[in-house]
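Asker: Have a look at this one before I ask anything.
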Amino acid sequence: MGRLRRRQEIIDHEEEESNDDVSSRRGKLSLAETFRWLDSSEHRRIETDGHNDYKYIIHPKNRWYKAWEMFILVWAIYSSLFTPMEFGFFRGLPERLFVLDIVGQIAFLVDIVLQFFVAYRDTQTYRTVYKPTRIAFRYLKSHFLMDFIGCFPWDLIYKASGKHELVRYLLWIRLFRVRKVVEFFQRLEKDTRINYLFTRILKLLFVEVYCTHTAACIFYYLATTLPPENEGYTWIGSLKLGDYSYENFREIDLWKRYTTALYFAIVTMATVGYGDIHAVNLREMIFVMIYVSFDMVLGAYLIGNITALIVKGSNTERFRDKMNDLISFMNRKKLGRDLRSQITGHVRLQYDSHYTDTVMLQDIPASIRAKIAQLLYLPYIKKVPLFKGCSTEFINQIVIRLHEEYFLPGEVITEQGNVVDHLYFVCEGLLEALVTKTDGSEESVTLLGPHTSFGDISIICNISQPFTVRVCELCHLLRLDKQSFSNILEIYFHDGRTILNNIMEEKESNDRIKKLESDIVIHIGKQEAELALKVNSAAFQGDFYQLKSLIRSGADPNKTDYDGRSPLHLAACRGYEDITLFLIQEGVDVNLKDKFGHTPLFEAVKAGQEGVIGLLVKEGASFNLEDSGNFLCTTVAKGDSDFLKRLLSSGMNPNSEDYDHRTPLHVAASEGLFLMAKMLVEAGASVISKDRWGNSPLDEARLCGNKKLIKLLEDVKNAQSSIYPSSLRELQEERIERRKCTVFPFHPQEAKEERSRKHGVVVWIPSNLEKLIVTAAKELGLSDGASFVLLSEDQGRITDIDMISDGHKLYMISDTTDQT
């Protein structure tokens, strides 16, 4: 219970409400700040939660209630001292003391009533409780009974009972009010405005005086328990000091009797009595033995506390020292009331749990330390040119990891050629950047004033310090460790690119940065290469969120790796449809070739990613293989029918020729591969095309002797001859030269803006331009094909069908728009 009560007192301790004169390491500052718990906006929200629902509930920090507490404290001191005296010296109070006693009991009765309306702090949740039922129940089960019985008019009850002696013993219940005095001293010890040594000595003196005062009253009471005719058998009745005798001591002046009893109690407690006052009867001897035994414990308590004061080793002393340092710090930095309340409240809670640390602010939670750092350092960091355009999250991470440092004029902070471990920001003062020449002389490069930084280029570019920094005036700097800075850049890499851009922009007006331009450019190149690898890695792993974050942060999605592969190549081969679509919308070239001549479409077809193939074909992707005929012939020779089917369905020309002018159908016919030959002719392969030796696929089939294959090719030949009545050479050329193009429904100048919102269409190139326009308009959902014209990528108008090559990108616009 004692520990819980002490915890309650620590938490409920009133914040400093008067002017404090606090000594700091940098001089004396006058702390004229009022700490009121309810004046803090954050604590007001927490503390008054539910207060408006109970209008008659009193907050424990209410100033009128605090005044009432001091008023009751005075009565508690009076009652604590007068109760033993009333018990020992009075059998029936005189009229003037009786009236005073009644007034005191009325005051305590009023205090009992008030206790039912005073909110309290819950020791488990640390929230203020305003609910009347909980307040009443808490008081009823704790102090109510003793407080209420203590207010009984025991003097009247004693007289009404016929002066029954046992009734007088109930007076001691009023000593329960001593707890108010004890609680007052506990609060006083934690009040950093009052000298701790003075507070402790005052408390120890009060303990000693109160114990001896109570013992003196009991000593006198024991003497009065014997009738007057036997008073010679008491310590005071038999007492004779010099020529003065204490016979008939009841008639001696009250003050003299009390002084004599107090003298007896004090010399007995100190065990230095000379025997002039001593116990006479058995009851007095028993009490003296008990009292002396108690005095040994009391003496040990007093000596132990005095020793603790001398060595300054108590928890309270350490707590007070820490509070003084904190108040000095908060005063010097002019922290707001809300932040002050959080800091002091947390330190008081740590003291209650006996938690200590030698480093100031180390005990404070990270969230509160972050608030302090943002309040103190954020205005400086925001003005540093190095961080111009950086995100708020990045700057906040920088701010909460800063450390303050002060340097005197003439001090060298960092020297030229040294490895840099810290990044510095100038808050106040002036520094000079110096370069040491080969002959040992120093040349001033620039001056560093407030809101500048140094050590940044060395850390970012991983080079030695290019110049020496020396203090010219008293400087207040903020230091950031290299490792912390590097860790932050690992997470906020896009802000790292912004920092590099800021450095490059500054080189135009800063000669010292111009000299380091090559190092900066090399580092930028390395960073871009690393960023490209990160983008490709995210695409390969299917990390859509990371990929989007990288590209949104400025990474180029068209950057390739060491094999020339773009993120689209990797996403296509892995089958990530969402990433593929996102990269297409970001403008990645769908026909970009890697070092092996493969496009994203080829990678998707090779891996059998049907969904990705559809997306790429819709966007006009093609294979663009330099030796497509040889590749198709090899595929047929391997017998990979599934791969061949995907190639043909994705738009690869089935009439592509190898170096011997052989088509894939030639190979299939010569090997007797019926299924693959059927697949090729269904895709439009020509049966009448001839190789360098003049052989057609049908000739190869006849040499192979596969009757089923021969019949298939003869039927196809007859069908092709009936459909195309022109010469076989023209038919062969038409089949071999079959081409396709991609038509987009917007102007070439709008390509970048419209690409992510409008899609084109891939169509076969017909025999004339009019058919192409009509077909494209129909596929694009345009109304009248005759009212449109086709433009090339360089905005030139297409006037003839022969101007269009295979894979050409065209742009369809209105004829009226073209004329304007």
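Placed from the backbone N, Cα and C atoms, the Cβ positions cover glycine too.
What you are looking at is a predicted structure, and each value in this text was computed from that prediction instead of being measured.
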Asker: Both PHE249 and TYR377 on the same side of the membrane in Swiss-Prot, yes or no?
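Answerer: Membrane side for PHE249 and TYR377, as annotated in Swiss-Prot: different.
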Asker: Using DSSP, what is the helix/strand/coil residue split across the topological domain 'Cytoplasmic' (190-203)?
Answerer: 9 helix, 0 strand, 5 coil
Asker: Between the transmembrane segment (70-90) and the transmembrane segment (204-224), are there three or more C-beta pairs closer than 8 Å, counting only pairs 6 or more apart along the chain?
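Answerer: Between the transmembrane segment (70-90) and the transmembrane segment (204-224), contact is present.
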Asker: So, by DSSP, how many helix, strand and coil residues make up the topological domain 'Extracellular' (280-285)?
Answerer: 4 helix, 0 strand, 2 coil
Asker: If you count every Cβ pair below 8 Å, which range out of 98-118, 142-162, 204-224 shares the most with the transmembrane segment (286-306)?
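Answerer: Top-ranked stretch among 98-118, 142-162, 204-224: 204-224.
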Asker: Is the count of Cβ pairs under 8 Å between the transmembrane segment (142-162) and the transmembrane segment (98-118), pairs 6 or more apart in sequence, 3 or more?
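Answerer: Counting Cβ pairs under 8 Å (6 or more apart in sequence), the transmembrane segment (142-162) reaches the transmembrane segment (98-118), since there are 3 or more.
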